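Feature annotation from Swiss-Prot assigns domain 'LRRCT' to 440-491. Per Swiss-Prot, region 'Disordered' is recorded for 946-983, 1063-1093. If you look up Swiss-Prot, you'll see 189-210 marked as repeat 'LRR 6'. Sequence annotations record features per position, and here Swiss-Prot assigns repeat 'LRR 11' to 308-329. Residues annotated as topological domain 'Extracellular' in Swiss-Prot: 35-794. Taken from Swiss-Prot, the feature transmembrane segment applies to 795-815, supported by sequence analysis.
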Amino acid sequence: MARPVRGGLGAPRRSPCLLLLWLLLLRLEPVTAAAGPRAPCAAACTCAGDSLDCGGRGLAALPGDLPSWTRSLNLSYNKLSEIDPAGFEDLPNLQEVYLNNNELTAVPSLGAASSHVVSLFLQHNKIRSVEGSQLKAYLSLEVLDLSLNNITEVRNTCFPHGPPIKELNLAGNRIGTLELGAFDGLSRSLLTLRLSKNRITQLPVRAFKLPRLTQLDLNRNRIRLIEGLTFQGLNSLEVLKLQRNNISKLTDGAFWGLSKMHVLHLEYNSLVEVNSGSLYGLTALHQLHLSNNSIARIHRKGWSFCQKLHELVLSFNNLTRLDEESLAELSSLSVLRLSHNSISHIAEGAFKGLRSLRVLDLDHNEISGTIEDTSGAFSGLDSLSKLTLFGNKIKSVAKRAFSGLEGLEHLNLGGNAIRSVQFDAFVKMKNLKELHISSDSFLCDCQLKWLPPWLIGRMLQAFVTATCAHPESLKGQSIFSVPPESFVCDDFLKPQIITQPETTMAMVGKDIRFTCSAASSSSSPMTFAWKKDNEVLTNADMENFVHVHAQDGEVMEYTTILHLRQVTFGHEGRYQCVITNHFGSTYSHKARLTVNVLPSFTKTPHDITIRTTTMARLECAATGHPNPQIAWQKDGGTDFPAARERRMHVMPDDDVFFITDVKIDDAGVYSCTAQNSAGSISANATLTVLETPSLVVPLEDRVVSVGETVALQCKATGNPPPRITWFKGDRPLSLTERHHLTPDNQLLVVQNVVAEDAGRYTCEMSNTLGTERAHSQLSVLPAAGCRKDGTTVGIFTIAVVSSIVLTSLVWVCIIYQTRKKSEEYSVTNTDETVVPPDVPSYLSSQGTLSDRQETVVRTEGGPQANGHIESNGVCPRDASHFPEPDTHSVACRQPKLCAGSAYHKEPWKAMEKAEGTPGPHKMEHGGRVVCSDCNTEVDCYSRGQAFHPQPVSRDSAQPSAPNGPEPGGSDQEHSPHHQCSRTAAGSCPECQGSLYPSNHDRMLTAVKKKPMASLDGKGDSSWTLARLYHPDSTELQPASSLTSGSPERAEAQYLLVSNGHLPKACDASPESTPLTGQLPGKQRVPLLLAPKS
């Protein structure tokens, strides 16, 4: 082909392709001329391309004619014990050298070819050690295989820095020692390290500092323990093989640092458990192989650090049960292999959380009850597509055995001696594609009639091999060949439960028994078994009985009794009997046994005594089974004052009951009750709260008159109850026949007070916590009496009487002018008061009384009739309107006042001219004198006087007026027996002139300031008597009149007696003492003066 090109040098170029080919040949022609023809293959070898195969020739030395073009040289399976480096001088292209299965005792030198050799295979020689100097010349070495030699140790000088080795195989040697840092020289390049089949017994912590290593093979060594942090430094490791060692324990953090590892092989070891601590840090693990170990139990939280695990292999272990949620944290798991274990119990919810699981292998276990009786064992496996139960002990399939597996596609029940399948056991599996059943023990009765047509309808009969074993007429026939009418139930060969065990509760130490009975028409041997929490009791104490159930003797009844002697807490659980014969097993209901212990106190509350404001602490703790609940009561109830005030603290898990800031109300009996289902016990403790003495009601100063009775009350509280002692001054009180004390000394009564009783009284309250004192100053005034002869009194009381009388007269005039009607009413000297219909009576329920409570007077006498003085000089009262005062109350200390009979007419004349209102001289001739007994709180009137009060409600805007003014005599007329008597302070002969020389003028001025109601009734209807004289009225302000006088006048200006009469002047004196007592509930009312008929 080159010749035409060369021959066409002078010819024109016909195509670009030919030109490129010609240029290429011109470039190669000098090389061909220089190299000459290709060297022939060595005489004792074979050639294939650039590979020279001299293996298996029995060579003891290198061939001498190795061609220079050799890239791969195979010298394996010879008898080479040493290598001459000169034989490799002319091999510039050599990259692979196979020297395995020779008799070399050291790593050979390949002379000039060593620098470009990439792969060196030295396995199956007799090399005893590796020296760093032997490997320094291999500057391009990436693969070094030293497996199956006699290397016994690896020191830190074996592999120097320099050779970029990526794969190092030291498997099959006799290495027993790995020196720390032995592979540090390869840290920049090493990707795969094989140390399998050696004699390594221990791995040093941080033995491997190989950050680029991805695979580490340590299988078939003698490692027994993996310490924590052993593999730290292997940051890129993805596959770790530790199978076939003798590992029995993985300490916490054994695989710490392997955060990128995907596959972990731990098969064929001696592990008995896998806990979360040993798998700590394996966050990226996808496959975990733990088959052929001795794992007997799976811990619930053992997989908390492997949440990305896709495949878990636990085959060939010693698992006997799968507990609830024991695999719940493996939410990403897709394949779970549990074959060849001894699993007999799968708890309900054992696979809960495995929502991604697709393949579940349970072959060759001892599963029976899970499929025959339990429902819900496979709940949570929503994505499961393949379930294999081959080679178990399943004899029947319950209706709900596979509930929760609606998406299942492949179900393998082969290798089980299945005898019956309950109706619709597989109906809910809509996606089922394969159902493997292989059994020749089917009981072909009416309960199996549904199965053949269902399998045919779902086209699953090809995977089912099912043969009848009963009745005899159908024995050996396939269920698909039996006519539907032949599936009949003439008897019940399989046992039927007729007596179920019952749930019970027992005290510790008692004997308990469960009874279970079943009936069957079969004569085949019957076996009995009891299960506790779905696990068979191997050494159960049972009694078994059998007797004829039917009269014809065809049905037998079998009874089994389980005895539990001296039960303990370990006997608690759910018990179930299983009665089995050749045709199947029957499972009873599960009866629960609860073992209880009556509560007993470990801490009991004790009586405590504390002060107020401190903290009370009560302890109470009890034991029992179930754990007793602790409850507290106070005085037999649940009303805790401290709880309402949030001062009570009870911790649920604590034994202490606290009350902070203790108060006296917290005292009482506290009961601690411990209760569980076995019973209850209680213990009591008394909380005594100590309180320092204190007064309930403050002790006040008192003022009494000579001859009266005074009571001083010292009502004290405290705990213990305080002892009360009375002192006068600084000395203990000397008791006389006038002094009386209650039994507890809280009330001191002094009768017939004398001047010497005045002074400072001290009440001393003391108990064990301290002493408190309270003081009261008792003042005694001279005795004061009331005489009927009408003595002149102080001008202040006269001013009050005159103000009220004049105010009443003005109001009568206003009523008269505005209403323009006459209404007569008669007044007699009787106990009755006649009131016009428009004026509400203070004795009736109409209207309201003016709330005047300036002063009151008290009496020790009982109630009397309305407004009349008795023969003894006492004025009666209306008892229905005013309550009877305390007979021991202190008498009023107001001097008795005498009101004269004369009125000053001049101010009223001026008022008549201005407003057209009649003055008092037109309404009454001759004033009447009224006496108020200041000591007896009664009103005293002169005999024969016609003086009647008329209360007016504040709310009454238009009270009616009398029909007309009564004719009267001169305004200077006086009754002869009502003249004022002379007193020690002075006399009041005939009481000349007005007693109110200036008050009338002031009242008149006040009236003029506020326009009165118009006579035609069109004026302001709110102008009432209450507004006229009430001190708080905003329309009429008497500040310039009544209050501008002396203080005695200001206090006495509204003085009224409780029955509505003006007080009579008694024992006038130059200075008047204002009244200081006040009786609650007393009301002062305005008065109307009626003329004498």
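Positions of Cβ are set from backbone N, Cα and C atoms, glycine also.
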*Under the DSSP assignment, what numbers of helix, strand and coil residues are found in the domain 'LRRCT' (440-491)?*
19 helix, 12 strand, 21 coil
*Could you put numbers on the helix, strand and coil content of the repeat 'LRR 11' (308-329), residue by residue per DSSP?*
0 helix, 5 strand, 17 coil
*pLDDT averaged over the residues of the domain 'LRRCT' (440-491)*: 92
*asked:* For a three-state summary based on DSSP, what are the helix, strand and coil counts in the repeat 'LRR 6' (189-210)?
replied: 0 helix, 3 strand, 19 coil
